[in-house]
Amino acid sequence: MNTLLEQLLHYAKTGSLSLTQCLLQLRIEQDLRLNINCRGKTKTSAGWTPLHLACYYGHKDVVEELLKAGADVNLQNSMGDTPLHKAALAGRKEVVLLLLRYDASSTIINGKAQIPKAVTEDDEINTMLEAAERRAERRQEEKLLEAAREGDVFTLSELLSRKRPPDIDCRDLQGNTPLHCAAYRGQKQCVGKLLKCGASSSMKNKSGISRFLAWRSHWVVIQEGVLSWYPRQWLDALEEHTAYSSCNTTQEQTTEDEEGDGCVLTQGKVSLAPLQAAEACQQKLETQVSIFLSMVKNEENNSKRSPINVLTALTFTASASLSHLLSVGLCGITPFRSDLIVCLFLFDRTSLPAPMFSRNDVSVWSILKKCIGMELSKIAMPVIFNEPLSFLQRLTEYMEHTYLIHQANAAADSMERMKCVAAFAVSAVASQWERTGKPFNPLLGETYELIREDLGFRWMSEQVSHHPPVSAFHAEGLQEDFLFHGSIYPKLKFWGKSVEAEPKGIITLELPKCNEAYTWTNPTCCVHNIIVGQLWIEQYGNVEVINHKTGERCSLTFKPCGMFGKELHKVEGYILDKSKKKLCAIYGKWTECLYTVDAATFDAHKKSDKKNSEEKKSNTQTSVDEEPEEMPLPDGDTVQVIPGSELIWRIVPRPDNSAEFYAFSTFAMQLNELEGGMKGVLPPTDCRLRPDIRAMEKGDIDLASAEKKRVEEKQRLARKNRSKSTEEWKTRWFHQGSNPHIKAQDWLYSNGYWERNYSLLPDIY
């Protein structure tokens, strides 16, 4: 037996895969008591297990065989080192990654009081171990939160008594700490234990609740010495009174008319006067909103809640209050504008029906490890990695900052217009920040439309090709003041640790008033840490916005993160005239804002900044051993503003509940909103009617997965049937032709969509 153990240790050290496999197979077939965690006794390997040896010498295949056979991944040798310590020390990146996949602990301390991260000098290994450490910490926090919710005092006590306990004030997606969770579930023992261990009783969750064990405020009514309270009592009473008054007024008019009483006119005037005044107020607010939306200024973008938002909120409030009164059909009142009700009430939700699912327990690596170098559009991904939007809806987020197009139309000269158009091109990709969910692949023939009177545009798009996947779109200003169109072929590839999305296709913006046309392409998007750690996104590459009338162009560079994250999210470039003379510079971050400044000032600032960086680097004697945060996302406005700069764009802050709902902006949350009246207007191919997306939005992950599989199978069957016949697929709303501005093939709008004749559309769902 001792001979077999010595052989196993020797094979692990030398990397003899076939001999190791034979020995492990012999152990199973002959039921040998071969201890796979045996320890070496020689001077060089005293206390080392076969797994320690294989990890240290970098024999990945042998390591995997030992792990499959049940080797203890966290066993320590006589010096306290785990196999992860040895792999990290020797710089074995692939072995470290393999050990982490088998839940190797990155927090075990060896005899020198070092964790695995402390023994390596490799930056990539250090990053992986930091990510694994954070992931392990988050798992412990989730266990603590779950124990608090379920009242599991034993698990709670065990977690808090560890040498490295989880953060007692950690939070879930709603911002609840373990103390919140235990309190709202009535788990008194857990509450007591948490308070004894130092949990803060003053921390607030995202709803602003902290005094969960004390008083709460309520609307109350005191009548004849009796105190009563009801949820929303004041609002319910107002609505009840409104309904009663409307009904009572109508009845009184009928009765008095039969009696011939001359009070009918007086009663009518008394009842109608407030409604007419309210309708006039509503129309005034509409006008003000329209004016502000077309003439919005930079100062308004700087404020967290601009006058536009205030007026829009007032408009929504007024419409909500008046819609019931103005629709009851009282004599002498012109019917309320139903199209306005549709515009306001279709796009006012601030959350989704259900929060997103946790992806922590699902391994992306298990799906993608066989797909390195392949195109992801041909890989069936589990629905858990999706967000409840189609790619066609995701494209529509280009229009979130349409006010920049209106600003361009109002600008006096071509350079000012170029600033606005360049800002619009950058803002179009701003919605990608933190959006790590994959949109649903559109089905062939799928469409999406959106009309936003408040933003002044209407949009429609169609999936015109399935392999390769191509999405075409066409948007136009409601005042016929612009055309925005293009086609996108999102070429996705997996490169081991990241997924890269290259959005091939030309984007075109036409401004008929100025007789100008602009074209550009989008930068490359990359999602990092697919295997281990927290996902994060960066954009990089060159974007050139060209004015085909004047020859001016804006050359922008989306900078990659770099080694220490200093360039993360940065965008900079110049506006050049047709002779390539620099007219001005543009700089900022695509996640935050953009500024413009004189080109000479910008160049001088860059030169000074570079000099300061070199001096700082020499002063630190190049001791830059610290790796930046795994996901070094900026907090707040981190753009260094150069004196004399002018702000041209700032992103709209995301809502407080964005993290619960796939990192959606308010604009994105409204894209899949479906009211009952819309079903009779939309074509049967619209994304809002797609059952798998709707199920996921409602939180039914099993139904979403089943429906996704069903509609994809239906699409494959339809394609198979077409291949057997002479029938070819024909796009309905777009056709291939030459883009008049770049003389290249493009997908062009065929017109006719808004005539609402959808009788010949296929049944794709």
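Each residue, glycine too, has its Cβ placed from N, Cα and C.
What TrEMBL says about this protein:
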COMPBIAS  606-618  compositional bias 'Basic and acidic residues'
REGION    606-638  region 'Disordered'
REPEAT    46-78  repeat 'ANK'
REPEAT    79-111  repeat 'ANK'
REPEAT    174-206  repeat 'ANK'
**OP:** Would you kindly list the residues that approach the repeat 'ANK' (46-78) from elsewhere in its chain, counting only those six or more residues past its ends and only Cβ-Cβ distances under 8 Å?
**Re:** 8-9, 11-17, 20-21, 24, 27, 36-40, 84, 86-87, 89-90, 92, 94-95, 98-99, 102-105, 108, 110
Subject >> Same-chain residues near the repeat 'ANK' (79-111), Cβ under 8 Å, at least 6 residues beyond its ends >> reply: 47, 49, 51-52, 54-58, 60, 63-64, 67, 73, 117, 119-122, 124-125, 128-129, 132-133, 136, 164, 363, 365, 531-532
Subject >> Composition by DSSP (helix, strand, coil) of residues within the repeat 'ANK' (46-78) >> reply: 16 helix, 1 strand, 16 coil
Original post:
Could you give the mean pLDDT over the repeat 'ANK' (79-111), rounded to a whole number?
Top reply: 89
